[in-house]
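Please read the structure below before turning to the comments.
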Amino acid sequence: MANWSCQDALKMYNVPYWGAGFFNIDALGRVVVTPDKTRLDCKIALVDIIEQLRKQGYATPVLLRFPDIIKTRINALFGAFEQAIQSYGYKGRYQCVYPIKVNQQNQVIESVTRAFADKPALGLEAGSKPELLAVLSHHHDLGSVIVCNGYKDREYVRHALLGSLLGHHVYIVVEKPSELELILDEAARLNITPRIGVRARLASQGSGKWQASGGEKSKFGLNAAQILRLVERLREADKLDCLQLVHFHLGSQIANIRDIQGGIRECGRFYAELRHLGANIEVVDVGGGLGVDYEGSRSQSHCSANYNLREYANNVVWGIGDVCAEFDLPHPMIISESGRAITAHHAVLISNIVGMESQLPTSLPDAPDAEAPMLLQNMWDSWKELHEKEDPGLLEIFHDSVSDLADVHTQYTLGMLSLHQRAWAEDLHLNLCLKLKVMLDPVNRMHRNLQDELNEKLADKCFVNFSLFQSLPDAWGIDQIFPIMPLSGLDQQPTRRGVIMDITCDSDGMIKEYVDGVGIENSLPMPEMRNDETNYMGFFLVGAYQEILGDLHNLFGDTHSAEVCLNDNGEPVITNIIKGDNVDNLLRYVNIDTSVIRRDYQKLVAHPSLSEETRKALLEELEAGLQGYAYLEDE
């Protein structure tokens, strides 16, 4: 393409659609972030931040957090609901609750609580005893909302009730029938009036990777008959007024707004029926599900969403309000647990490219001699047809070449062809694929599948200094798509494509799908790598679930992390730098005693053939290894 510009790069990587206004490309071809949308002129080049961290001794990979993005997302969510409430004349208020399971890192929870400072009240959700204790410690404002989900034992219930004594509005949501007796027993023992919620198991179900969270066979919630028994038990105990919240959850990352509409309507009916049964329901908790458009396609794909914040809020507010109008009921407070939508955009993983392995042929093999096997002659004939025929059948030529190459491999295994002949055939096939790729017409639908196949086949292997299993576990576990792109050189037209490999010893350690301007591709367009500088790759929208789900495959642990904030002058300030795991820590995680390792080193270097100077140098080197970063480091 002539006159390549950064606008072309934005389109190629689909940045305007998945970036949500936070990410852009500057005139120098660098990826920049605008974390605070009230200060659009404050743009931060990601490579500049990484270079500053390197000077301070922090090598990549590094996870960068932008707290201002969390604040911006919370403001946008509140704004969408406030506008919907005003538009529909809704009399209740909206309460955003952050479920900390999405990202329990202390810096993230602190960023969320700071962002709530000017909001009506802070809301946090816990799904386990450890999460509840963390949530209680982060609440400083009286009247803050705490939602207690998940399976519960007596201790969990007791801690939740004690939260009420601290002045918080703690809703203990009954997920299974047996939990109600625990709540009633502990509340009576502590002489505390509980706020009880019930999770309704809806027939409505979302679609996608997380659809099992909803529907009649979901792991959580009470069915209609169980809810009726719960109401009768509370009435019998004279505690029906304690039932104040009804909750449902269709699943995380709901892509289709119609699924949300159906769930809201069904939950609204539960609200209406419970009110008519005498329950003092004041809150409808619509759970999570608010999607993030990871691929920027605004579609029903499982990594996208065919709606925005405003449409989501409109459907929730209108749907509940419509049920209230139909049955002449008061408008309840609305809670949403939109953790993914709050945190996904705020974190970017950045690491260096450590190697490129080209799959392109370096030269064209010579024509086979007259005595060469017929199979090799046939392959050469396909090559000549591609060049000499006026209108060659491109698909047929490719299929013939693939078939011939398969026969070459078979005959080589049987000893009928030599290693030189196999290498000749493979080189010729690669040359043919490269020529075909140039000749294919991307507008021709018949050519598109082959174009994709050739892009993948001819793509470079791009080795990046990170662990997929530690930093992007959902890309491996559930094939989630994350936007990925080089952080510089984007003012140049991409000349090649790459497939990203991590540095684990696992063939699954590779990214299989990439966001592209025309859809999802199996390789990533890349500019030429510069040999005179470090080339960085950015992995975007990794702020939800990835850190806590990451594992220690090959003993690659947590990366360095840092927060980047804007000061009053609009300049970036790097704060809260946390060192990633060193080797010593990682060995201890798997119960390897590093003191024993050090003692064994002492024994090994005590060999009489080693001088005292050599022994000292060896021990220093081994100790440096134990204290070093688990990832690849520049000397």
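Quick reminder: no glycine exception, Cβ is built from N, Cα and C everywhere.
Quick look at what Swiss-Prot lists:
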| type | residues | note |
| --- | --- | --- |
| MOD_RES | K101 | N6-(pyridoxal phosphate)lysine |
| BINDING | V284, D285, V286, G287, G288, G289, L290, G291, V292, D293, Y294 | substrate binding site |
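Annotated features taken from Swiss-Prot, shown on the structure.
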residue	record	contacts (Cβ under 8 Å, 6+ apart)
K101	N6-(pyridoxal phosphate)lysine	E125, G127, S128, E131, G339, I548
V284	substrate binding site	L245, V246, H247, C267, G268, Y271, I320, P332, M333, I334, I335
V286	substrate binding site	F248, G263, I264, C267, V316, I334, I335, S336, E337
G288	substrate binding site	P99, H249, G251, S252, S336, E337, S338, G339, R340
L290	substrate binding site	L77, I254, A305, L309, Y312, S336, S338, R340, A341
V292	substrate binding site	Q253, A305, R340, A341, A344, H345, L541, A544
Y294	substrate binding site	W18, C303, S304, A344, Q480, I481, F482, P483, V515, L541
Secondary-structure category, per DSSP, in which G288 (substrate binding site) falls: coil
